[in-house]
Amino acid sequence: MAENIMVDSHVWVEDPERAWIDGVVLNIKGEEAEIKTNDGRDVIANLSRLYPKDTEAPSEGVEDMTRLSYLHEPAVLDNLATRYELNEIYTYTGNILIAVNPFQGLPHLYDAEVMEKYKEAYFKELNPHVFAIGGIAYREMINEGRNKCILVSGESGSGKTETTKMLMRYLAYFGGHTAVEGRTVENQVLESNPVLEAFGNAKTVKNNNSSRFGKFVEIQFDDVGRISGAAIRTYLLERSRVCQVSDPERNYHCFYLLCAAPPEDVERFKLGDPKSFRYLNQSSCYKLDGVNDAEEYLATRRAMDVVGISEKEQDAIFRVVASILHLGNIEFSKGEDADSSSVKDEQSMFHLQMTSELLMCDPHSLEDALCKRMMVTPEEVIKRSLDPLGAAVSRDGLAKTIYSRLFDWLVNKINISIGQDSHSRRLIGVLDIYGFESFKTNSFEQFCINYTNEKLQQHFNQHVFKMEQGEYQKEEIDWSYVEFVDNKDVVDLIEKKPGGIIALLDEACMLPKSTPETFSEKLYHTFKDHKRFMKPKLTRSDFTLVHYAGDVQYQSDQFLDKNKDYVVAEHQDLLNASKCSFVSGLFPPLPKESSKSKFSSIGARFKLQLQQLMETLNSTEPHYIRCVKPNNLLQPTVFDNANVLHQLRSGGVLEAIRVKCAGYPTNRTFIEFLNRFLILAPEILKGEYEAEVACKWILEKKGLTGYQIGKSKVFLRAGQMAELDAHRTRVLGESARMIQGQVRTRLTRERFVLMRRASVNIQANWRGNIARKISKEMRREEAAIKIQKNLRRQIAKKDYGKTKSSALTLQSGVRTMAARHEFRYKLTTRAATVIQAYWRGYSAISDYKKLKRVSLLCKSNLRGRIARKQLGQSKQADRKEETEKERKVELSNRAEEAVDMSFVLHSEQSDDAESGHGRKAKLSIESEDGLDKSSVLHSEQSDDEELGHERKTKLSIESEDGHSDQSDDEEIEHERKTKHCIQAEDGIEKSYVMHSDQSDDEEIGHKRKTKHSIQAEDGIEKSFVVHSDQSDDEEIGHERKTKHAIQVEDGIQKSFVTCSEKPYNTFSVVSQITSPIRDTEIESLTAEVEMLKALLQVEKQRADISERKCAEARELGERRRKRLEETERRVYQLQDSLNRLLYSMSDQFSQLKSILRSPSMSASTMASAPVVRDDLADSSENSEASSSDSDFTFPAPSPSSDNFSTFNPNQLQVIVQDLSTTEAKGTESYDSDKEGGFEDYF
């Protein structure tokens, strides 16, 4: 291109930072040129390294880079950058789609409307899109019956996973069911993505959602194009990430989702913050920007429901995940024996217990499986202990094994739930596999990943380069050979058998004494002359491979351990014996012949899986999507030219562009071509032509040039197939239009007849419309007259309004002056109202003091009377008690004698005694009932007094707090407070009298300790304080009952006189009596004696009860005494509040005095209202007190009744009488103009 470059030419020149930069040639000297770049720098470069720039290229770039005028690296790079700035992230390169990761959401590119648009369009008819690739693959599968596959490739973080999900979503939309049928296959296929992402994706340095496994989704379709089944294959899960995480990467997403689960799940699994788990806190990254782990956890559970994983299985899955976290927190220390280990501390023991509980296995068996190994020899089985380091390695190995088995179970469960269609003959495969990786530390996982990418690149080379060019040679067509870089040598270096790296690794794993150093030495010796293998300096175990994408240095320290595909026997036996069927299912018993089988390795198994994948890809027709990562910062709108150019070179995109432009991207066999495009030349059907001639006829008829006719195929240039499809669509459209024309003719004739029939009706309607228009004009004219009339009236009304407004303004001024005068008069009225209030307060206080003196005198007299009466009653009770005791002793003695002599009693005396005894019992019962009623009445009265006392005290406090109301309501509040105060003091005095009387009665009752009669008398005395009249009646009744009981006893005693005087003569008298004594009389007397004894016992019991009640009454008196003291304290507070109120009134009298002396007041009124303040109040003990809501501060006087002695009631009455006549008038005028009056006042 150097001959096309001259001075002032626009060229692309290499730049160390931006890869390529445009500029203008200033001067050319020999083979070098001086260029002025667009950033102002002068650069000198060789002409062979300069590329011309297309200055006429579209500003928005081109959709297919095969249409670029200059096809070279800087042009391709500039076109991608231009479209990326416009958010056009998709660009074609022939049939290859290049997708640049936007690192931001672009929902407008993937909604249902866009999918519908691409569903109806042909390939390249619309803008480049991932949906277009899915659409062409689907149409070719349906139309041609060929199986298709779409290979999504690119570096880590280039957007392969998201692109794959969009493809699957579009294919599900294209081949989905029209109606909702529950969990359809397409829904299950789509919802399998979030499940596998949760357990197989993790954050890496280059990507926040990097797939740590390979995935090939095979979507099956039925004969009508609907999805009928699917299968998912996974490759090489990165097991080491479970135990080892580099900063700032993260472990698998599922661990963080489970830590953010709902509280009930976290509590059930005993989880917490991710920082508390060793497998997660190795990195400082716990959160992802824009990702809510709690919401993602619920979304994953919903996706599991759709896929077909039951609730029980979901719980088991997350229980296993939680057990891995607890397993990682188990630490070991040295045991008692040498080279042995044990659980380190209590915390580690807790995590061991939780792990065994979650896995449902024995904790001691788990500890033995981690800390010991069984060695089987021909002679015996030896149990060997592991040191702490060996136990930690065993722990990590168990965690990796459990997670790997869990992931395999998930994939298998998804495949079983979705199901495969064994009768399907059409399928589309979508491959999403890890991209090329090169980190600071590259281990066995990176080796396998890059090996996979080498195989895919080889497949890409074979398809795009070898297969294309080989096809050209086979068909013997003219073409220009394109050189390309082949990576077959590096693939052979890795997989060739024998002698490849994988073969040597398997060989080293089978040797018991192999080490990473011996394995590396073997590699150095075997591949020392290989151009793709290099030995780094200063290392003994590292080696470097020259991949198609760049050089990668691998550390082989863990290659041997990671390549071994086996499970520790102790771990297998432990988990196979788990009580959880899910866990035991992950570790089924091994077949007996497995121990005798050949050695198996991860590398060999992965190589076999990869070969099967290549066979599947080779059996289908591929479509390629190359994903490109624009920058390593993972930020939107940042396009790193050097990074993108490296990906384009390593991905073979530039070479593919050259091949596609120089070659023929589309080819079809003659039969396929004629079956599809024969309708473009129908005359061929009339003759017998060979297939080759017929194909050439069609192409020449449509004016296509540049095509090639091979031996069995037609080779078309880029875009010619789309042109032929457009002609075919046009022919089909013309045929359809002819058919539609005949139908439309018939429909048009029918429509004409209807229109002619309708025209008559239209004309009639039109004439009616004209008449209506004339009528409308007439109505409009009439309306115009009305409008004019209303307008004139409005003008006149406006003039009238102005005149009225002027009059109102004048009247307002006059009324304002009158209102001011009226307001001044209202101030005078208000002052008089305040004076009246204070006068009423003074009168109330005077009345209160008089009532208080009278009440004290009455109380004193009442207490004296009660005390004298109680003294007399006490003496009388003592005398009665002594008499009662003597009579009861004598009665008891006579009753005993009467028992011996009872058979001589006459029937008449027995009847009288029985009647007397009944009356006595009746009187005793009535006396007891009276005593109980008296006690209950006294108790109720005491409770009422207590409630009244509390209510009065509360009213006193409320009256004290209410003193701070506004000045307009002070006179009402003052009257209420005075009334409450008087009521409170009366209640206090009454309560005091009650408590005093009760205390005296309790002391008398305690000294006497009387039985039934004295207890009743004491109850009567207690109730006398509240109900004096009732008490007198009850006392008289009690005395009458007592007298009657004594008479009954005397009657009984008289009946026993004869027997008591001569006891020994009684027997002789009885013997002389000739009349027999009836047995009934003896039984009657005996019963009467027993009844008397029972009565005596009852009386004793009642005496005990009376003594107990006396003690209770004493306690009640003590409690009431305390309440009385509290009441007295509240009374003192109330008196203090009242004194403050009185002093506030005196201060406001002084202020009223100053107001009444103002010039606006009447002279006669002011002269008759002097208010004098007591000077002695200023020297009181209370210095100052202020109301809570008042604007005044005043000193508080001492609580004496002389504070208002200086007020002259006659003078206050003069003021009240003068103003009372005008009070009504002032009130009415105040309501008429309140606002203006206050403005003048202030």
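Every residue, even glycine, has its Cβ placed from backbone N, Cα and C.
Looking at the stretches 419-442, 587-610, 779-802, the one that Swiss-Prot records under the feature region 'Actin-binding' is 587-610. Which of 3-37, 318-352, 493-527, 703-737 counts as region 'Actin-binding' depends on Swiss-Prot, and there it is 493-527. Residues of the same chain that lie 6 or more positions beyond the ends of the domain 'IQ 2' (755-784) place no CB under 8 Å from a CB of it.
For the domain 'IQ 6' (851-880), the model's average pLDDT works out to 87. Residue counts for the compositional bias 'Basic and acidic residues' (876-893) under DSSP (helix as H, G, I; strand as E, B; rest coil) come to 18 helix, 0 strand, 0 coil.
Using DSSP to sort the residues of the domain 'IQ 2' (755-784) gives these counts of helix, strand and coil: 30 helix, 0 strand, 0 coil.
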